[in-house]
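Annotated features in Swiss-Prot:
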BINDING   Gly85, Phe90, Asp108, Ser109, Ser110, Ala137, Glu138, Arg156  S-adenosyl-L-methionine binding site
Amino acid sequence: MSTDKKNRTASHLMIWNELKWAPSEKQLAQFIHLQELLKEWNKKINLTRLVDGDDFWTAQVCDSLLPLYEELQHPEVSHKYIDIGSGCGFPGIAIAIAMPNSNITLLDSSSKKTTFLKEVSKEIGLDSRIKVVTERAEEAGRNPIFRSNFDYAIARAVASANVVAEYLVPFLNSTGQALIFKGSWSETEQQILKKALAELNAEIQRTHEFILPNNRGIRNIIRINSTNKCPHQYPRSIGKPKKQPLGY
């Protein structure tokens, strides 16, 4: 075995040990194919710089699945997920690979990115379980096809958690859970989020801090439960959640 392959295998084992889950041969092949397709498509459109080696396996795959550690212990269970702002397909496609009985909706407002997501889903054999939607979260959250229809609504947050929560909560069914993936997390952010969630008829179920392997830093996951049906006025019109965020 070459040195590169040994290092790659050791890195993979570290990730699977961290997750307490390991992919089947088919799932591993799907992840490898996904990596190849990302590299190919990156030449056409700017998707992500995290496509090589540890960048892909730790900062993309592991970062997508580690917050779902509990769900990974029972990957056979069927759930409906929606990934908001799916971009290059993480965490949504990683979840679809790891959870073979679940259905995933990938939502992004960029038609270039959703074209990529559709092609990749088909190429790696997931198009029967992945639905790709080109729409803003504020619009999709009011669409009766999607509203109150998911077990999990997920986002790797770029915006503040109180803004992201307004995008996610309207998608949840009565027992659903919103998951916000964050890097750092503070008590101030927690208090602002609590106030925002009160307006959305939701609450923080818990927060959990993870340390990514291979010195990739700290991640926080915020799990949110609905306490009642999300008020009909949310999400507000396009741009308003960012311009006038809840929680203040």
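Placement of Cβ uses the backbone N, Cα and C atoms for every residue, glycine included.
Ranking the binding-site residues Gly85, Asp108 by C-beta neighbours within 10 Å puts Asp108 at the top. Pairwise Cα distances among Gly85, Phe90, Asp108, Ser109, Ser110, Ala137, Glu138, Arg156, the recorded S-adenosyl-L-methionine-binding residues, top out at 20 Å. Counting every protein chain shown, 16 other Cβ atoms lie within 10 Å of the Cβ of Ser109 (S-adenosyl-L-methionine binding site).
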